[in-house]
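What follows is one structure encoded as structure tokens, with my remarks underneath.
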Amino acid sequence: MGKLDPDVTAWYSILSATWGISQVSPQRGWKKTVVPVGQLHQAKHTLHYAQRFEERDVGSPGKENTCNSSGSTETVLHKANGCAYKSLGMSNLTRLSEFILLGLSSRPEDQKPLFALFLVIYLVTLMGNLLIILAICSDPQLQNPMYFFLSILSFADICYTTVIIPRMLVNFLSETKTISYAECLAQIDFFLVFGNMDGYLLAAMAIDRYMAICNPFHYVTVMTHRCCVLLLTFFIAFCYLHSLLHVLLVNQLTFCASNVIHHFFCDIYPVLKLACSSTAVNEVVAMTEGLASVMAPFVCIVISYLRILIAVLNTPSAAGKRKAFSTCSSHLTVVTLFYGSISYVYFQPLSSYTFKNRIATIIYTVLTPMLNPFIYSLRNKDMKRGLEKLLSRNKSQMDRLSTAKANRTLGP
């Protein structure tokens, strides 16, 4: 075995200090101590490459060795992986087989509590949105454009959270926290489709409220069922094409260094930060086409509610004002939660993406879909009545079934 390069020795020392690996050396290998889940898995791979690295002829005379040990501990794994790949002649690697999702916390003691928390959130989201859909479909008085779009929004929220939370739950109980390359791209694709769908459905609901309050005589002729279906078809087609564009651009990138995603799911910005090739095109598209696709429904919402506000202020009846504000307040609450968190996360340069963005992402990916049913049912009298009818109908059916079962049991 040849002499170990001093920079590789430095990497062994840094990995030992940073990730809790003890007795690391090319002769002794590594020995596991208490190490954060996921980080140990990545460190083992890095050490494996580094041990093979010492057996090769590293560096060339007169050529600067860029695999030095400088930098903060936050970038240690990224640099270590890059050096290991380059040392094995793998700098032209274009496809990783898998990524590692670090999640919200790497401490082993946090995994089960987080699993329980997000499992409860997911179940509440499913039940709440399913109740909204069933209430709207079963109540003839809720068969209008506003509640048609609300039922589709609830369905999109179910799909939206299903794209993210089940994978999170698996990773909370997994030691490796890996996700395949294909699954990562699929998660980006569906996340963008349903995420953008939410924005456009909120815009459609705002336009519906504008027509109902500001142009009540034209409302029935304009907001027909056919018009609603055409709008929904356009939203689905546009969101799919928007998502496909970004996924194809990500698929063209070269990933040859770290495969550790500092996030709890495959989002565009964290994945772009791992690319070895230039991400200039991706960033330009994200800040132009991506920004336009997000801002278009937001502008529609703002204009619609400004017109509604002007119309309401000109209404002489106090009861009419209260009814208009009651109708719009729940929708405005959802819009504020959704667009407030999105603007904080995405309307900034790629280099500014930090841990705080992960926390803000939870608001619109996890909390907003869970809160939507409560916001719409608690602040909307029609939805309250529809849910009460649904629950009372189910209760009466259960009573009839139990009575029939009791009669069969007591029969001759």
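These residue numbers are counts, starting from 1, taken along the chain as shown.
Each Cβ is built from the backbone N, Cα and C atoms, and glycine gets one as well.
Because the structure is a prediction, the values reported are computed rather than measured.
Taken from TrEMBL, the feature transmembrane segment applies to 114-136 (among others).
The feature domain 'G-protein coupled receptors family 1 profile' is assigned by TrEMBL to 128-376.
If you look up TrEMBL, you'll see 148-170 (among others) marked as transmembrane segment.
The feature transmembrane segment is assigned by TrEMBL to 190-207 (among others). For the transmembrane segment (190-207), the residues of the chain that approach it from at least six positions outside its boundaries are 146, 149-150, 152-153, 156-157, 159-160, 163-164, 228, 231-232, 235-236, 238-240, 242-243, 246-247, 265-268, 293-294, 296-298, 300-301, 304-305, 331, 334-335, 338-339, 364-365, judged by C-beta separation under 8 angstroms.
Residues 145, 148-149, 152, 185, 188-190, 192-194, 196-197, 200-201, 204, 268, 281-282, 285-286, 289-290, 293 of the same chain lie 6+ residues outside the transmembrane segment (228-249) yet bring a C-beta within less than 8 angstroms of a C-beta in it. According to TrEMBL, the transmembrane segment annotation covers 228-249 (among others).
Residues or ranges marked as transmembrane segment in TrEMBL: 291-313 (among others).
Within its own chain, the transmembrane segment (325-347) is flanked in space by residues 198-199, 202, 205-206, 209, 212-213, 269, 286, 290-291, 294, 298, 301, 305, 308, 312, 357, 360-361, 363-364, 367-368, 371-372, 375-376, 378-381, which lie at least six positions past its ends and keep a Cβ under 8 Å from the stretch. TrEMBL lists 325-347 (among others) with the feature transmembrane segment.
Beyond the ends of the transmembrane segment (359-378), by six or more residues, the same chain brings 118, 121, 124-125, 128-129, 131-132, 150, 153-154, 157-158, 160-161, 164-165, 191, 195, 263-265, 267, 330, 333-334, 337-338, 340-342, 344-345, 384, 387 to within a C-beta distance below 8 angstroms of the stretch. What TrEMBL records for 359-378 (among others) is transmembrane segment.
Across the residues of the domain 'G-protein coupled receptors family 1 profile' (128-376), the predicted structure has a mean pLDDT of 87. Under 8 Å from some Cβ of the transmembrane segment (291-313) lie the Cβ atoms of residues 196, 199-200, 202-203, 206-207, 209-210, 213-214, 238, 242, 320-321, 324-325, 328, 332, 335, 339, 342, 346-347, all in the same chain and six or more residues away from its ends.
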